[in-house]
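What follows is one structure encoded as structure tokens, with my remarks underneath.
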Amino acid sequence: MSSFLGKWKLSESHNFDAVMSKLGVSWATRQIGNTVTPTVTFTMDGDKMTMLTESTFKNLSCTFKFGEEFDEKTSDGRNVKSVVEKNSESKLTQTQVDPKNTTVIVREVDGDTMKTTVTVGDVTAIRNYKRLS
């Protein structure tokens, strides 16, 4: 998992507004979500990974073991059941389930770029991050 460890900054985002809309996120919150450029930091402590997301809008942190369900609060305030699977050393798949939607987030690292593909139903967004450290 060393390919994920460190700090990443959002560099480009495509179709994220449509994903937020599909999730029922309010117009005002979507406007904020479309303008912030979050930083995501991944750390490991034994068999637990922590993902810290920081932005001018909100800071969120979740700690998990691969393959084990955990409770997560999303940046738009939803409470979800989440599972992160380690597909390979450079690919993680996270599934978030709430009463209305299932969101699948695939994170893939290639060198100093992390491609994040977010899918809700038939709507997909791609958010690319650049490694800061």
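Backbone N, Cα and C atoms are what each Cβ position is placed from, and that goes for glycine too.
Lifted from Swiss-Prot, the feature list:
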BINDING   Arg107, Arg127, Asn128, Tyr129  (9Z)-octadecenoate binding site
BINDING   Arg107, Arg127, Asn128, Tyr129  (5Z,8Z,11Z,14Z)-eicosatetraenoate binding site
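Our reading of the (9Z)-octadecenoate binding annotation (Arg107, Arg127, Asn128, Tyr129) yields a largest Cα to Cα distance of 10 angstrom. Other Cβ atoms within 10 Å of the Cβ of Tyr129 ((9Z)-octadecenoate binding site) number 23 in total over all chains.
Within its own chain, Asn128 ((9Z)-octadecenoate binding site) has Leu10, Ser11, Glu12, Ser13, Thr113, Met114, Lys115, Thr116 as residues 6 or more apart in sequence whose C-beta sits under 8 angstroms from its own.
Using the Cβ center of Arg107, Arg127, Asn128, Tyr129 for (9Z)-octadecenoate, the list of other same-chain residues with Cβ within 8 Å runs, in sequence order, Trp8, Leu10, Ser11, Thr113, Met114, Lys115, Thr116, Ile126.
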